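Heads up, the thing below is written out as structure tokens.
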Amino acid sequence: MAWPGPLLLKDRKGRAYLVFPKEGGVFHHHKGSVPHEALLEAGPGGVVRTHLGEELSVHRPTLEEYLLHMKRSATPTYPKDASAMVTLLDLAPGMRVLEAGTGSGGLTLFLARAVGEKGLVESYEARPHHLAQAERNVRAFWQVENVRFHLGKLEEAELEEAAYDGVALDLMEPWKALEKAALALKPDRFLVAYLPNITQVLELVRAAEAHPFRLERVLEVGWREWEVRLPVAHPRFQQVGHTAFLVALRRWKAS
């Protein structure tokens, strides 16, 4: 029997569960259990029932769903921010991109899918346990070999000059990586930083003035979900609030 990658199960209340099917495995729900073999037989789009009769729908997780339910060793980059970073970086298939602050690998997956199988993501993480978890998360979801993981800091890496089409930073002190990022980034391409608080933004913008970068924009990404149950519609009571500021810098040719 061929075992697929991760599957997502949803119960009648919309609660989601990420499952990695394996031979002899069993998924346990508070309303019963179901063998992993049954999940494979149902397949994505199918339905299974636990031994107590609870109905579960079977899905192949989207990238957003996988990021929200995968194991984490660090606070994740939310999907709304990760997709916005890909847009701000203006990534396309075949490009090469640098990432610093791999964390749990969520943003890494968005970058890897954006550059495609002919592109490359070089991801740097200073903490070994974060890097190990990120590698497991990425390999489990993404079978394309277009990500290289590096243990260490970007500012200490040996990088080829003007060889990368984008730089994505998720660091507490991203200004320390600006010099190396400026060296590696192609002219007229972008560096995008993910920063939780505005004091970090001010520090980064101030530091960028000493390097060949120009500030393009600083933004927050809103995300407002609605509850629609005909004939009633209203915003959901629980909303995702502030997650981070995104800072986009453009590399220019130094005179």
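From the backbone N, Cα and C atoms, a Cβ is placed for every residue, glycine too.
For the recorded site, E125 (S-adenosyl-L-methionine binding site), the DSSP three-state label reads strand. The S-adenosyl-L-methionine binding site feature in Swiss-Prot is assigned to S104, G105, G106, L107, E125, H130, E155, D170.
For the binding-site residues shown (G105, G106), fewest C-beta neighbours within 10 angstroms: G106. Among the residues the record lists as binding S-adenosyl-L-methionine, namely S104, G105, G106, L107, E125, H130, E155, D170, the two farthest apart have Cα atoms separated by 22 Å.
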